[in-house]
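Each remark here refers to the structure printed beneath this line.
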Amino acid sequence: MIYVDNRQEKMEVSDEFTNHLEKVIEFALKEEDVNIPSEISLLFVDNEEIREINNETRNIDRATDVLSFPMLDYPEKKVFKEVYTENDFSEADFDGDDLVLGDIVLSLERALEQSKEYNHSYEREASYLVVHSVLHLLGYDHMEEDDKVKMRKREEEILTALDIRR
């Protein structure tokens with residue numbers, strides 16, 4: 001289950017755009033071996049709101065493109081498909097029958113800015129940011145160079161499989 005909450009008014013959000021991002025999320029989960037019903041919240045915000053959230057949660061007082069708030073714990077350098085192969089969850093990890101993976105907070109305003117900066121489509125940039133965030137929800141990180149390489153490789157593999165290119 002993907003819950004979408006549009007909390008901004010600067011960018012128009014069509015059903016087609018929302019449906020596309022939901023499909024991207026579902027595909028990324030499948031590619032990462034999430035084989036049980038799960039729940040992700042996808043929040044659309046503007047630069048000001050993501051700046052506030054970034055400041056409150058990370059003490060970084062600037063806008064960013066996407067924030068990820070995973071609900072599951074992962075050992076260092078481990079991801080979902082390495083840790084939860086036996087679907088070994090506690091009851092607290094669920095909302096009804098759905099495993100709660102976490103929240104994605106996406107600045108659509110920043111996604112548009114970056115699409116122009118990187119000279120590709122707005123849809124491609126939003127798709128990339130959503131895949132990036134899903135991977136964070138599943139334990140991927142990019143603080144260390146080896147982790148960054150691993151995460152970037154998975155992002156590109158997933159986007160390429162979806163035929164989403166620069």
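Here the Cβ of each residue, glycine as well, is placed from N, Cα and C on the backbone.
For reference, Swiss-Prot has these:
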| type | residues | note |
| --- | --- | --- |
| BINDING | His132, His136, His142 | Zn(2+) binding site |
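In the three-state DSSP assignment, the secondary structure recorded for His142 (Zn(2+) binding site) is coil. Residues His132, His136, His142 make up the record's Zn(2+) site, and a Cβ search at 8 Å around their centroid adds Ser68, Ser133, Leu135, Tyr140, Asp141, Met151, Glu155 from the same chain. The most densely surrounded of the binding-site residues His132, His136, His142, judged by C-beta neighbours within 10 angstroms, is His132.
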